[in-house]
């Protein structure tokens, strides 16, 4: 009986197919394909940020490419980003946005993404990010007298934003602007001033006639703007300097319609509003791919000095990841790896990562 059992086990082992086990490959972090996946990830960040500033790619730290059945590949990619000076509501293309410099107290993002490539198209399956300002020590090494980021709920910051917006509305011949969010602030001790940046929305009231601002409503076709102000304390008074830019609404690019469809007038929407869920999604929600996921209560923290990316990208998978075979990062044998010949002609296995730094490292 024991001999029969052993023979059965041996026959079962012979019956197992010895096909190859699919593994991952590790392309260079600066490969064209890797950069395409990274740029798709950055585009995803900027389209789903509800507040704060757009981010741009700074460096690809690592990348693994896994096969995905029934079709496509998944890029498991880690990237570093830097905050730009463009607010998320600003329709300015990212390529035209300046990176915030070290002397301005720069902010860096650190993100992990799973990006699907299928039929030449990239789509995000999973996103997890966090961001943080440069350390005070590093800022002062570069610029000893440069001001640091201040908490956005600091009473001096709130007062500066309200005073700057009130001053602008008082001098404006256009629509009354309403505060949307305070985005950034710095306390400047040498001049006893507060520098503040904030987003605004256009209302249906005329600025100089808005005697009851609470009765003013946002436009049906929402339109946003961005302001920068400085409030300087003087003896028994304060000086206020402020500039505001209202973003232009842009026409929708219509898709081809079936024959007989109603060819009405082209609707006009705010490009900045479509780039962010702020206008259409409740404050307690965020958009992740094609789905809306509730954010855990109590965030973002009250005493924040910037909008941390982790409050929008906390590792929630997109609905797209449910299509086809699920993707899981596992301990699978590697596939063919790129290599760089050594001076003696041997070919050591070298993974050319991390990639180049596009701006500066924090």
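Every residue, even glycine, has its Cβ placed from backbone N, Cα and C.
Residues or ranges marked as disulfide bond in Swiss-Prot (evidence: sequence analysis): 29-353, 86-97, 111-129, 143-146, 205-216, 227-244. Look at Swiss-Prot and you will find 24-130 tagged as domain 'Cystatin fetuin-A-type 1', backed by sequence analysis. Residues annotated as N-linked glycosylation site in Swiss-Prot: 96, 153, 173. The annotation O-linked glycosylation site is assigned in Swiss-Prot to 332. Residues or ranges marked as phosphoserine in Swiss-Prot: 131, 132, 135, 314, 318, 321, 323. Annotated signal peptide per Swiss-Prot: 1-15, in sequence order.
Locations of recorded Swiss-Prot features on the structure.
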residue : record                      : DSSP (3 states)
29      : disulfide bond              : coil
86      : disulfide bond              : strand
111     : disulfide bond              : strand
129     : disulfide bond              : strand
135     : phosphoserine               : coil
143     : disulfide bond              : coil
173     : N-linked glycosylation site : coil
205     : disulfide bond              : strand
244     : disulfide bond              : strand
(request) Measure from the Cβ of residue 97 (disulfide bond) and count the other Cβ atoms within 10 Å, all protein chains considered. (result) 19
(message) When DSSP is mapped onto helix/strand/coil, what comes out for residue 96 (N-linked glycosylation site)?
(response) helix
(request) Tell me, roughly as an integer, the mean pLDDT over the domain 'Cystatin fetuin-A-type 1' (24-130). (result) 96
(request) Return the member of 29, 86, 97, 143 nearest to residue 131 (phosphoserine) in space, with distance defined Cα to Cα and candidates limited to these disulfide-bonded residues. (result) 86
(message) If I take the alpha carbons of residue 96 (N-linked glycosylation site) and residue 86 (disulfide bond), what is the distance between them in whole Å?
(response) 9
(request) Have a look at the disulfide-bonded residues (29, 86, 111, 353) and report the one with the fewest Cβ neighbours inside 10 Å. (result) 353
(message) Give me the long-range Cβ neighbours of residue 173 (N-linked glycosylation site): same chain, 6+ apart, Cβ under 8 Å, in sequence order.
(response) 207, 208
(message) Comparing the disulfide-bonded residues 143, 216, which residue's C-beta has the most other C-beta atoms within 10 angstroms in this structure?
(response) 216
